[in-house]
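Copied over from TrEMBL, here are the features:
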ACT_SITE  99  active site
ACT_SITE  102  active site
DOMAIN    143-281  domain 'Xylose isomerase-like TIM barrel'
BINDING   191, 203  Ca(2+) 1 binding site
BINDING   230, 266, 294, 338  Mg(2+) 1 binding site
BINDING   230, 266, 294, 338  Ca(2+) 2 binding site
BINDING   266, 269, 305, 307  Mg(2+) 2 binding site
BINDING   266, 269, 305, 307  Ca(2+) 3 binding site
Ligand code: XUL
Ligand code: CO
């Protein structure tokens with residue numbers, strides 16, 4: 001029984017192929033800078049978008065036509081597991097990611113909810129075993145249920161803090177059970193609406209306490225996944241605590257948590273924060289905190305998290321340019337498609353087309369970025385631009401030899417100062433040439 005219109009495994013056919021069900025750029029075995037594309041990219045499918053989501057929006061009901069639509073409860077949960085492994089197989093994708101509430105329905109009590117989860121996790125484990133597919137990361141959904149109205153770790157209600165802890169404890173157990181390579185914290189309701197009713201200091205202290213407790217518990221059970229925080233501004237709360245990479249890193253440093261966490265950066269979250277994706281990746285990279293990415297794209301004409309599949313070759317090239325220069329590349333992380341088909345693309349085959357195009361966009365980005373690095377297309381320009389810091393007064397500044405007296409003496413006799421052009425337009429035309437010609 002096929003949930004995706006009996007599509008066979010998608011194969012690489014090359015860029016001249018016109019087959020909509022073939023990869024044009026993603027060739028898992030192609031070697032780039034000493035590693036296969038498969039190893040560089042470590043693609044993941046997001047359970048919540050491709051199996052749990054149904055195409056509903058705030059104005060209308062779900063539109064997605066899916067083979068599991070008639071089912072409910074645990075039967076529905078089981079069907080989605082089948083569908084997930086079918087899609088991973090069709091796409092030849094090695095990884096998937098889920099929230100606890102994506103995979104199993106909540107019961108009337110936490111005990112019943114956990115029993116449901118245990119049953120589905122056991123089923124997932126069987127499928128992983130027979131297919132060789134792996135869990136890139138799991139996470140706890142602490143934003144959908146109304147109990148999290150005031151937050152989870154940053155709630156004003158200690159009973160909710162305790163419930164959230166119990167939920168993450170279970171999620172860490174399941175992560176260990178399934179051999180998850182990472183564990184993600186996205187603080188969906190960790191933020192506030194108004195300072196008039198908010199103890200900002202206590203909420204942030206509690207968030208740090210919560211994360212430390214998670215670190216402690218993972219250590220206790222021997223779960224050695226990489227812990228990741230996923231920054232996002234505004235949505236759903238007005239002031240989200242993990243606004244962007246820089247804010248999140250500052251928080252981790254303040255509470256002495258930086259050694260335990262890296263970041264899972266998402267393209268659409270970056271643009272909502274007023275940054276490019278590559279800016280967020282660079283901030284993480286220079287702080288040794290680039291852990292994994294959620295690949296998607298927003299829409300400049302819309303002001304919310306549209307989670308579209310990534311198609312923009314400039315963005316995927318510049319993202320891969322950062323990842324390739326990160327120590328160990330994407331490392332234990334991966335390229336997770338936190339992306340959904342449009343509400344108007346309601347057939348199962350649309351989910352397949354969407355992933356193929358997203359995978360090709362990143363494969364192409366990888367090829368172009370590798371060539372830019374090999375040719376030192378921008379490195380030489382940057383080296384030349386900062387050359388003044390390698391000799392004379394610049395070298396004194398960098399080595400710490402200079403002080404305000406020596407700098408003043410230098411400035412007084414150095415007249416006039418000459419600057420050089422930054423050549424942004426020329427560099428953009430070079431980038432275009434690479435994207436077109438590689
Ligand atoms: C929400 C979002 C989440 C996280 C995991 O915008 O990106 O799905 O990726 O909780
Ligand atoms: Co995400």
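Heads up, the Cβ atoms here are built off N, Cα and C, so glycines get one too.
Sequence features annotated in TrEMBL and their locations in the structure.
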residue : record                : Cβ contacts under 8 Å, 6 or more apart
99      : active site           : 47, 48, 138, 139, 140, 141
102     : active site           : 47, 48, 51, 52, 141
191     : Ca(2+) 1 binding site : 151, 154, 236, 237, 238, 239, 240, 241
203     : Ca(2+) 1 binding site : 151, 154, 190, 192, 241
230     : Mg(2+) 1 binding site : 184, 185, 186, 242, 263, 264, 265, 266, 269, 294
305     : Mg(2+) 2 binding site : 232, 235, 268, 269, 272, 298
338     : Mg(2+) 1 binding site : 46, 49, 97, 266, 268, 294, 295, 296, 307
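Cβ atoms within 8 Å of the centroid of the Cβ atoms of 230, 266, 294, 338 (the Ca(2+) 2 site) belong to the same-chain residues 186, 232, 264, 265, 267, 268, 269, 293, 296, 336, site residues excluded. The 6 Å Cβ screen around ligand 1 retains 266, 338 from the binding-site residues 266, 307, 338, ordered by sequence position. Secondary structure at residue 203 (Ca(2+) 1 binding site), as computed by DSSP, is helix.
For the binding-site residues given as 266, 294, 307, the lowest number of other CB atoms within 10 Å of the residue's CB is seen at 307. Taking 102, 191, 203, 266, 269, 305 as the candidate recorded positions, the subset whose CB lies under 6 angstroms from any atom of ligand 2 consists of 266. Broken down with DSSP, the domain 'Xylose isomerase-like TIM barrel' (143-281) shows 72 helix, 18 strand, 49 coil. When other Cβ atoms within 10 Å of the Cβ of residue 269 (Mg(2+) 2 binding site) are tallied across all protein chains shown, the result is 30.
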